[in-house]
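Q: Right, I'll just put the structure down here and ask away after.
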Amino acid sequence: QVVVPEEVFFTVAAAGILENLLVLIAVVRNKNLHLPMYFFICSLAISDMLGSLYKTLENIFIILCKMGYLTPRGDFEKKLDDAMDSMFILSLLGSIFSLLAIAADRYITIFYALRYHNIMTLRRALVILAIIWMFCAGSSIAIALFSYEAATVIPFTILFPLMMFFILCLYVHMFLLARSHAKKIASLPTSTAHQRTNMKGAITLTIFLGVFLCCWAPFVLHILLARFCPHNPYCACYMSIFHVNGTLIMCNAIIDPMIFAFRSPELRSTFKKMFCC
């Protein structure tokens, strides 16, 4: 087993939780950020926080088991393990659907720029987020309770590449048509600057997607291998880096807020005001 030092583990987790908490506070405090796009970003930040919190609690659970305070196969421990698994699945599903919502928002912004505020109202954004989190919560509980069934594990693991493929197709379509769409509205006042801003948002989302895949895909692969070939020597070799894959999930929670701050001048300005009182 490749073991990550506990100090590093807890430091990364704490940094991820604090950074995403700062994003939530910044959006709440700045009324200029009360827009559908930033609400979807807040949803992604909450998912990242849940991922870091899950790995932190899991590590504490393992430490307590090693110290003898908990028994790995007790009834209470099994319920606690199911609750943590549910939190992990909620974090993963929340991230996927939040990225999907951000992608759809960027698509509408680019191709329906003049009608965007009529299509994506604040109320609709909140309804979309409520539906997303209710579905994710229900799915996470169901998957955690029946995770021993192959019929549950297979749809869950298939959902990850399927949603990523759908978002990727949306991106390809978005970038292929962006140039021709820009030419059609080039004659409108401030259209050039508006189009540049919209494309910047699409590029930011592309960075989010790349970081998400790099950080979550190794752990999802670990789940598949642990379920379908736990005794294969090659699978066992890959599963020996379990702690490294868990640390990658928490690194995602650290990187995302940095992308927010770097790509959004308004959010960056809000952070400066918060730190400078």
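Cβ atoms here come from the backbone N, Cα and C positions, even for glycine.
Pulled the feature table from TrEMBL, pasting it below:
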DOMAIN    19-260  domain 'G-protein coupled receptors family 1 profile'
TRANSMEM  12-28  transmembrane segment
TRANSMEM  35-54  transmembrane segment
TRANSMEM  88-114  transmembrane segment
TRANSMEM  126-148  transmembrane segment
TRANSMEM  154-178  transmembrane segment
TRANSMEM  199-221  transmembrane segment
TRANSMEM  241-262  transmembrane segment
Q: For the transmembrane segment (12-28), which recorded stretch in the set 35-54, 88-114, 126-148, 241-262 gives the largest number of Cβ pairs separated by under 8 Å?
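A: When the Cβ pairs under 8 Å are tallied, 35-54 comes out ahead.
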Q: Grab the pLDDT values for the domain 'G-protein coupled receptors family 1 profile' (19-260) and give me their mean, rounded.
A: 79
